[in-house]
Structure formats: C-alpha cells, structure tokens
Amino acid sequence: MTDKKYIIALDQGTTSSRAVLLDHNANVVEIAQREFTQIYPRAGWVEHNPMEIWATQSSTLNEVVAKAGITSDEIAAIGITNQRETTIVWEKSTGTPVYNAIVWQCRRTADITDKLKADGHEEYIRNTTGLVVDPYFSGTKVKWILDNVEGAREKAERGELLFGTVDTWLVWKLTQGRVHVTDYTNASRTMLFNIHTKQWDDKMLEILNIPRSILPEVRNSSEIYGQTNIGGKGGVRIPVAGIAGDQQAALYGHLCVHAGQAKNTYGTGCFMLLHTGNKAITSKNGLLTTIACNAKGEPEYALEGSVFIAGASIQWLRDELKIVHDSFDSEYFAQKVTDSNGVYVVPAFTGLGAPYWDPYARGAIFGLSRGANCNHIVRATLQSIAYQTRDVLEAMQSDSGERLQYLRVDGGATNNNFLMQFQADILDVNVERPVVKEVTALGAAYLAGLATGFWKDLDELRDKARVERTFSPDSDNEKRERRYKGWKKAVKRSLEWAKEDEE
C-alpha cells in the first residue's frame with residue numbers, strides 16, 4: 001500500500017467536530033476543527049442538531065484534505081471516535097432525524113431512571129450492561145424520543161426508524177445510507193447491550209419498550225464497515241474502517257490493550273479506564289464496567305471511573321479566588337514553596353464521585369496555620385487532583401485484583417510537570433506522557449489503519465507511540481503514605497457537609 005500515505009481520524013466531540021490527518025509514522029500532519037451549536041431547551045436539557053453535527057464533521061474532512069494539499073487516493077482509511085451516549089433517531093427512507101440529538105449530559109429522562117429503580121431493575125441493569133441506572137446512557141433517551149415525538153413510536157413499530165449513537169449516524173451519512181452499524185464500545189454505553197453475551201438484550205428492550213428493528217448491527221472496532229466518497233475526488237472511495245467511543249479510543253491510542261494497563265485523561269474532571277482483559281468485573285465501588293478493545297480491536301473489558309473536579313479546580317483558583325492569573329501559572333506558584341505546609345484542598349464543589357459517591361460533600365480547605373499562604377493553597381489544589389486519581393485507581397485495583405503497571409496520561413493538565421511528578425509519587429508508579437497529545441484521534445486512526453493493512457500490527461505501532469517524558473516516583477514510601485493518610489482525613493471531614501447543614 002505504498003501509494004496510501006495517510007489516515008484520517010474524525011473526532012466528533014461534545015462542542016466541536018474535528019478531522020485529524022496522520023501519516024505512516026503516526027505524526028499529526030494537519031487538523032481541521034469546527035464548533036457547533038449547543039441547544040438548551042429547558043434547564044438540564046442538552047441537544048445538538050444532527051444535521052449540524054454532520055455538516056461540521058463532513059466539512060472538516062474536506063478541509064483537512066485541502067489544507068494538507070494531498071489527494072484523496074493517498075488516504076488509506078477513515079477512523080471515527082465520538083462523544084458517547086448521545087442519541088439520534090432518524091427516518092430510514094429519508095435520513096431525516098425525527099428529533100434533535102439528545103446529548104449525554106441531558107438529564108430529561110431522570111423520571112424514567114427513577115421508575116427503573118422503583119420497579120426493581122437496578123441490579124439486572126448493573127449485572128447485564130455494566131452500567132449504573134442514570135440518564136447519562138442512551139436507552140432512556142431513545143424511549144423518551146419514541147414516547148414524546150408525535151408518530152415516532154408508530155413509525156418505529158413499522159420498522160421505519162433507525163437509532164444510533166453519533167458514530168452510527170456518521171457512518172450512515174458517510175456511506176449515503178448503506179450501512180447501519182455501531183461498535184462494541186459504543187453499544188456498551190446504551191444500557192441496551194448485554195456486555196457478557198455481546199448482544200442487544202431482549203429484556204432491556206422489553207423494559208424500555210424499544211423495537212429491535214431500530215438498532216444498528218454491532219461490529220468490532222477495527223474492520224471495514226463501508227466506503228465513502230465524501231472527501232474523495234474523482235470517484236475515489238475511502239474505507240471507513242475504525243470506530244471507538246472517545247474514552248476507549250484514548251485507551252487504545254495509548255496502546256493500553258492488556259489487563260492492568262490504564263490511562264487517565266485530565267480535563268475539567270478526569271476519566272480513568274483500567275483494562276481488565278477478558279474479565280468483566282462488577283465493581284463494588286461504583287465504577288462502570290465497560291467494553292474496551294484488545295490489540296486486534298476486538299471486544300474485551302475495562303473499569304471506568306471519573307473524578308468530577310480536576311482542571312476545574314485550577315479554574316476556581318483563577319476565576320473565584322484570583323490567586324493565579326492563568327492555569328499555566330499554577331505550576332510556578334506551587335513550586336515557590338517546598339511543601340503544602342499541611343494544607344489540603346478537597347475540591348468537592350459538586351459532591352464527590354468514585355469511590356465516595358457523596359452528592360452532599362462540599363469543598364473545603366483543611367490544615368491552615370498562620371504560616372499558610374496562597375502558594376500552599378495552589379500546591380494543595382494541584383495535589384488534590386493526584387489524590388483523587390489515587391482514590392479511583394485504588395478502587396479499580398481493589399475491584400480487579402490487578403496491580404497498575406504504569407499510568408498513561410493525556411489532557412490539558414498533563415502539561416503541568418509538578419502535577420505529573422506528584423501523581424507518580426502518590427501512586428508509586430511511573431506516569432508516562434506521550435509525544436503526540438491527540439491520543440483520542442490516534443486511537444481511531446490506529447483502529448482504521450490496522451483494519452486496512454496501513455499498519456501491519458500493534459508491534460509496528462509501539463515503535464511510533466513515543467513517550468515524551470516518564471515521571472518516576474519518589475522512593476520515600478513513608479512520606480507517600482503519610483500524605484495520603486492526611487488526604488483521607490480531609491475527605492472524611494468534607495463528607496455529608498451539605499446534608500448536615502440541611503438538618
């Protein structure tokens with residue numbers, strides 16, 4: 001395939017659509033990006049226009065080819081990674097959506113999830129789908145559309161409607177309505193999919209009253225699904241050959257494809273995934289059991305956990321406390337002091353997630369003495385991100401019995417060397433920061449490239465997945481455990497704060 005020089009990853013996110021062009025050495029050659037409209041019809045409701053998602057995504061595909069000055073016959077394949085759970089229902093004959101896309105953040109189906117709990121379905125859903133009962137996932141969103149859009153249920157019963165997450169919608173549009181598929185990673189986020197049998201679950205379809213005919217075919221994350229002439233000139237057709245939900249794509253982009261390998265994405269919050277191989281582990285700590293890819297893009301399993309407030313705590317220092325001017329300053333101020341002087345910041349602004357699951361916890365600063373200053377508070381705030389990561393990873397290790405080999409990292413806060421070094425120290429494992437920061441797009445590109453022979457196997461990619469810097473842990477175990485014990489004490493005192501206040 002010497003004439004094929006490039007792979008394109010379509011990265012369809014919550015606020016923008018991007019196209020990333022990569023060469024055979026997995027270097028980013030060019031990026032095109034377009035934002036699209038966020039629609040908030042009521043408090044707690046979030047929608048996107050599916051046609052605008054498609055318009056922005058298809059235009060970035062054409063734009064990235066034009067900007068790079070390449071021809072479409074040089075493109076080996078297109079891979080797709082996407083915002084997960086976001087739900088689209090459209091007419092099979094026309095391709096017209098019957099309603100806006102209901103976004104993963106949307107809370108409109110809380111009454112449906114409350115009824116699922118009241119009717120005693122929680123344990124079945126947990127054991128079958130790996131998920132907690134929450135409006136976050138696609139199943140209740142599909143039900144809402146069928147129940148609330150005039151004529152939708154009747155059309156669905158007649159087999160005239162199709163459902164898909166964003167990946168399914170993009171493949172449908174790219175192939176001009178010829179292919180209706182999803183991959184295992186996205187299917188596992190719908191609350192309609194049995195992650196053990198790897199089939200759509202009849203009982204869940206019955207509980208939510210969703211006809212089977214609406215569902216896409218579920219395929220591996222690395223295979224050729226169809227061809228597209230979008231982005232192709234002169235009749236050239238490009239294979240669409242890789243799909244993974246954004247967090248699973250990032251896991252694959254880090255080449256975490258074996259049990260015990262983990263990645264953490266540091267954004268507003270943190271998304272952590274620990275690969276568990278062929279074991280679907282039901283968490284005792286409120287983590288999600290989800291599907292991830294093995295080396296060949298076939299379905300295996302992972303545990304997923306999230307920290308609500310990570311990078312957002314640095315924004316708080318900047319915007320509310322005004323003790324840093326921008327996020328980049330935090331590293332400088334944190335290193336103006338040699339330690340946190342006993343100060344702990346618990347950034348529980350919206351409660352605490354795994355493993356505490358306390359919506360009544362609130363933010364607090366502990367351990368203040370007369371000598372504490374703003375630099376200590378900045379340092380303690382950065383440290384809180386690392387402590388929370390340890391909390392989740394300890395839950396993961398407890399559930400899985402796997403000892404973390406190393407932690408691969410991505411996201412904005414990974415540029416903070418102080419935070420990354422402290423993360424290594426508090427976890428007692430190496431923290432590896434990659435050269436290529438577009439890890440989610442890399443994952444989609446790898447899956448597409450392997451499916452089409454652009455890359456031979458994962459061993460070839462390992463040479464390209466270069467680590468920019470490894471942060472090795474401090475060997476002082478006594479200091480590490482003393483610090484972490486202080487953090488646990490601080491968290492304990494912030495729990496149920498708002499609940500006690502109400503009483």
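Placement of Cβ uses the backbone N, Cα and C atoms for every residue, glycine included.
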May I ask you to find which of Tyr40, Tyr124, Tyr136, Tyr225 Swiss-Prot records for the glycerol site already listed with Arg84, Glu85, Asp246, Gln247? Tyr136
Figure out which of Thr60, Thr268, Thr452 sits with Thr14, Thr15, Ser16, Gly311, Gln315, Gly412 in the ATP site per Swiss-Prot. Thr268
When DSSP states are folded down to helix, strand and coil, where does Arg18 (ADP binding site) land? strand
Cα separation, Arg18 (ADP binding site) to Glu85 (sn-glycerol 3-phosphate binding site) (Å, whole number): 18
Filter the binding-site residues Arg84, Tyr136, Gln247, Gln315 down to the ones within 10 angstroms of Thr14 (ADP binding site), Cα to Cα, kept in sequence order. Arg84
Among all chains shown, work out which of the binding-site residues Thr14, Thr15, Thr268, Asn416 has the most CB atoms within 10 A of its CB. Asn416
Using an 8 Å cut-off from the Cβ centroid of Arg84, Glu85, Tyr136, Asp246, Gln247, can you name the remaining same-chain residues around the glycerol site, in sequence order? Gln83, Trp104, Arg189, Gly245
When the Cα-Cα distance from Asp246 (sn-glycerol 3-phosphate binding site) is computed for each of the binding-site residues Thr15, Gln315, Gly412, which gives the smallest value? Thr15
